[in-house]
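Here TrEMBL flags 109-254 as domain 'Fido'. The annotation active site is assigned in TrEMBL to 191. According to TrEMBL, the feature ATP binding site maps to 195, 196, 197, 198, 199, 200, 201, 202.
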């Protein structure tokens, strides 16, 4: 066998001071997607708290599915309770932690917070890698750097590359969605981690949209829009590496529009479920029962202990409220998780699965 010489890694251009320009058509698409996103966030109004957790969960699941980590809403809900019988569900649950960290840290776009997002993603599955930039070569495609489609920059360039990216993200003179798309593509090109780059990079999208004021209350499930054509998404990232920013900006604007449409349908479905639940009670619910009912829309699998922790209710009150919600047809006994009795909200689970099904429908033409 002939020995091979050293492989070549990419040298990523700095973008902190670049002047990104796209066509008039793409600029108009960016503006339309931005307006629709702001409107979607605003239209949820007082119900935003009800939907925020479900939209975050949906975005996390869709982002994981892009990485071929596919999990149904029921398994994911149980993983959120601590069930580790499904490895994939546990990984997607960790992605929810990363997405949540991204939103919580959105006020300050910095290297330390990018590391915190990654830590939330991998601290359960790969703690030795979590929250640390890579110290070795990585590559995309192929079995080695020699046969790879793309070799990201040398590990010594990761820190400076992220510092440059952060300076770009902190600017306020670029349309937010254009800036977010380019930032995501630059992040994926740097590929700063040994694992979890795609999911962390998409968590960064939600963080940036919140930081730039495009969203204020909820996470737009952009990954659900990307799922309709993952090949085009990866092609756009490839074009970016070759110096063409137009495809990736276009690729983010279109999925954002699709995501808001899908999100509106999910919101309508959840509102219908909520109305059915409230109508199922034999008498108007008191404050404690209302709190318990609202929780099933944030946590579609629950235990009495979860309800007690979330609302401060006593054990007897929690079990009594779960029984009333079960009698109304909104909860169903579902065995045990870690020794605790568990219930699921079947109609909420169905709405989340319907959302995921719509996200996977490829757009034609």
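Using N, Cα and C of the backbone, Cβ positions are placed for all residues, glycine too.
Structure with TrEMBL features highlighted.
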{"residue": "191", "record": "active site", "Cβ contacts under 8 Å, 6 or more apart": "134, 138, 140, 152, 153, 197"}
{"residue": "195", "record": "ATP binding site", "Cβ contacts under 8 Å, 6 or more apart": "122, 126, 129"}
{"residue": "196", "record": "ATP binding site", "Cβ contacts under 8 Å, 6 or more apart": "98, 118, 121, 122, 126, 129"}
{"residue": "198", "record": "ATP binding site", "Cβ contacts under 8 Å, 6 or more apart": "63, 66, 67, 188"}
{"residue": "199", "record": "ATP binding site", "Cβ contacts under 8 Å, 6 or more apart": "63, 64, 67, 95, 98, 121"}
{"residue": "200", "record": "ATP binding site", "Cβ contacts under 8 Å, 6 or more apart": "98, 114, 117, 118, 121, 187, 193"}
{"residue": "201", "record": "ATP binding site", "Cβ contacts under 8 Å, 6 or more apart": "184, 187, 188"}
{"residue": "202", "record": "ATP binding site", "Cβ contacts under 8 Å, 6 or more apart": "59, 63, 66, 184, 222, 223, 226"}
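Of all Cβ atoms in the protein chains displayed, 21 besides its own lie within 10 Å of the Cβ of residue 197 (ATP binding site). Take the mean position of the Cβ atoms of 195, 196, 197, 198, 199, 200, 201, 202, the recorded ATP site; other residues of that chain with a Cβ within 8 Å of it are 67, 118, 121, 188, 193, 203.
Secondary structure of the domain 'Fido' (109-254), assigned with DSSP and counted as helix (H, G, I), strand (E, B) and coil, comes to 86 helix, 2 strand, 58 coil. Mean model confidence of the domain 'Fido' (109-254) amounts to 94 (pLDDT, 0 to 100 scale).
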